[in-house]
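Colleague: Got a structure for you, written out below as structure tokens; questions coming shortly.
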């Protein structure tokens, strides 16, 4: 049976939670493979709305085993807050598995993240301030704390001491902050050990055995392709690999096991935080997209920057991820526009460019080249098949498909679980 990767094909916030939830009833495992509680997924089930930051969206599907892989960074306080909130609403969270090799976001990681952004001022990246970047930095510098370290106090103490030797120098001498005591951090982290224990597992072994047993495994990326540390709009990126290759390293599953890679595309474009955004709108259209689309970050609460659909970015996502399908979301938000511009290329220094610029400088100077497509006024939220859509909406979808380089196999026409048109089965 297949292993599928589902990821954002833009700058995140594309509606991955809706897509994962749709597939959750048909898969056996849903796996987060990177990121942390800097991601935000909103899932609507009936009249219930769930905002998830760290937990896989599949936790809302009763027959599914949710997994937090080794590539994820885990803030235990956020984890237990989310679990408690779901339990209070009657959601069974007992099947959750967490990799013992996942790294822990420590209190000093959060502190460093916040004071660094404050210190940088106008030069800041616009992080969520949740300690994600510093935790990944510790991982690369080999001073990170892993989940399994919570079960050996001696090793945990040594690792915290080693990390704070450097962190406290930075906090006291550069940022004029108080030093953080090793004992205080160790005590707090050890306090999570017993609560975490029922969930900790060798998830690499579990997932590979599941695939050998013909189970269906869905790998769920956080953020989006253009926020990838290697393939995104660096330095305005996240600290991990949301792209398809990250599923292999972040979950411990070989690339030959993956059969489909599904990119989630919003029918327009949004971005949170700093960085280039060629199709960004600063007029009433941008404000209307933000208002109608409810474009406010689930994690940050910040208003999202909004713009028209960018086919250059979509083609890039197809290439770097090897996308086999697209899931187009929020098509309903565009209802009411008489004309809908779509960016088909950029103009850079007077030249037309149809692929994403290699140079950061060029991307900053890219101006969108638009083609205008006719809009529609009919309500599409009740559409159950592609033929139910107005002709102009059908033409819009077909145009995006042709420009983006992979078939659009599903379309979101509203926030609800049942407000989806499935054109081709993902399984």
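Backbone N, Cα and C atoms are what each Cβ position is placed from, and that goes for glycine too.
According to Swiss-Prot, the record shows the following:
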type	residues	note
ACT_SITE	13	active site, proton acceptor
ACT_SITE	41	active site, proton donor
BINDING	12-18, 40-42, 304, 330-332, 412-414	GTP binding site
BINDING	13, 40	Mg(2+) binding site
BINDING	13, 14, 15, 16, 38, 39, 40, 41, 128, 142, 223, 238, 302	IMP binding site
BINDING	298, 299, 300, 301, 302, 303, 304	substrate binding site
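I would like each feature placed in context: is it buried or exposed, what are its neighbours, and how far apart are things?
Modeller: DSSP assigns residue 13 (active site, proton acceptor) to coil in the three-state reduction, outside any helix or strand.
For residue 18 (GTP binding site), other Cβ atoms within 10 Å of its Cβ number 26.
Mapped onto three states, the DSSP output places residue 40 (Mg(2+) binding site) in coil.
For residue 13 (active site, proton acceptor), the number of other Cβ atoms no farther than 10 Å from its own Cβ, over all displayed protein chains, is 29.
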Colleague: I'd like to confirm something. Which of the recorded positions, 13, 128, 303, 304, has a Cα closest to the Cα of residue 413 (GTP binding site)?
Modeller: 13
Colleague: Cα-Cα, whole number of Å: residue 38 (IMP binding site) versus residue 15 (GTP binding site)?
Modeller: 15
Colleague: Using a 10 angstroms cut-off on Cβ to Cβ distances, just flag whichever of 38, 42, 128, 223 is the loneliest among these binding-site residues.
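Modeller: So among 38, 42, 128, 223, the binding-site residues given, the one with the fewest Cβ atoms within 10 Å is 42.
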Colleague: Which one of these binding-site residues has the most other Cβ atoms within 10 Å of its own Cβ: 302, 304?
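Modeller: Compared across 302, 304, the most Cβ atoms within 10 Å surround 304.
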Colleague: Going by DSSP, is residue 18 (GTP binding site) sitting in a helix, a strand, or coil?
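Modeller: Its secondary structure by DSSP: helix.
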Colleague: List the Cα distance (Å, whole number) between residue 15 (GTP binding site) and residue 303 (substrate binding site).
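Modeller: Distance between the two Cα atoms comes out at 16 Å.
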Colleague: How many whole Å apart are the CA atoms of residue 331 (GTP binding site) and residue 303 (substrate binding site)?
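Modeller: Given the Cα positions, residue 331 (GTP binding site) is 20 Å from residue 303 (substrate binding site).
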